[in-house]
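Marked as compositional bias 'Low complexity' by TrEMBL: 314-324. As annotated by TrEMBL, region 'Disordered' applies to 296-348. Residues or ranges marked as transmembrane segment in TrEMBL: 20-41, 91-115, 122-140, 191-210, 255-274.
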Amino acid sequence: MNLAYIPSPGFSKFTIGPVTIHMYAICILIGIVFAVWILSVRWKKDGGTFDQVLDTTLVAVPCGLVGARLYHCITTPEAYFPPTGNLINILKVWEGGMAIFGGIGVGALAAFLWCRHRRYPFALLADCIAPALMVAQAIGRLGNWFNQELYGMPTTLPWGLKLNDADAIGKTEICYDGQPCPSGTLFHPTFLYEMIWNLVGAAIIVWLGHKLVTVLKAGQQFAMYMMWYGLGRTWIESIRINYSSIVLGLRINVWTAIIVFILGCILFVVLWRLGPDTADLTGRLQAVTAEEAARLEHQGDGHASGEASDDAAGHAADVADVSGQTADGDEAKRPETGEPETAPSDNR
């Protein structure tokens, strides 16, 4: 009997009136808030503004959420597509099933297109968001804990995860040699492993970015993120026992993690040789920010001038109206035609 273990939460959702709120969604939202805050702090240090961050977030986050869901559904088609699955299950995001690889891929593409449209240096944005993503992912993993999902193989370690949901226990594919897990079995808390891995990675990226600020090229911090997360996800994914498509003897997400790690290495080397200097992109961002500020100021001046013109026109109309009323009053005092005017008195 294990005397020490990590307990699972006794709830995964709560209600406020007729509204049901899932902890999985709350964890994702909290992660997004932290990511936006970290990104904003780093972006403003390079000469950007919070409005630029907010606009980019409003484009990238919805696209990222859609990408995360689609990647999960495509890589585990049995639950979502006929003949074994139901398409309506794709919409049941509160039950879990958001794959970070799809979210980062589609979200990054959306952010890239938006940056091209607004002339923001995307490589600089990628560097600023690298540690922010790792923190957001760490917080988001708490959603797996509340849902009692994506845990690892059985373990006797004192930090093993104890499940209290019979449905969650029933989702395990293997226990000991593929046999059903006995009561009281503990599992590797892979959500916790990934949380710690991501937070350590965020700290390393920030530290190296500060230490090698004059050496690193723009985009290399994001390449570090790809390498670090790809490496960690490779071993963490290898000890999970939830259902997953198998390709050439490995879980499909293990292959994806390996590919992300390799692409990160390639990107790091290419940027080292051919990448733009961070200082140059910082100067470009500052110039774009100055242009946006000048444009807003000009629009404000134009609006103020328009209001002044409207006030002047209104004042002129009032004057004309008053003059007209005065003229009408004078005419009213004149005698009608044929009526003799009163002779002026002679006070000699």
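Each residue, glycine too, has its Cβ placed from N, Cα and C.
Bear in mind that TrEMBL entries carry predicted annotations, made automatically and left uncurated.
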Positions whose Cβ lies under 8 angstroms from the transmembrane segment (20-41), at least six residues beyond its ends: 9, 11-14, 50, 53-54, 57, 61, 65, 93-94, 96, 98, 128-129, 131-133, 135-144, 146-147
The transmembrane segment (122-140) versus listed stretches 91-115, 191-210, 255-274: most Cβ pairs under 8 Å: 191-210
Surrounding residues of the transmembrane segment (91-115) on its own chain - C-beta under 8 Å, 6+ positions past either end: 13, 20, 22, 24-25, 28, 55-56, 59-61, 63-73, 75-76, 121-122, 125-126, 133, 137, 140, 143-144, 147, 149-150, 253, 256-257, 260
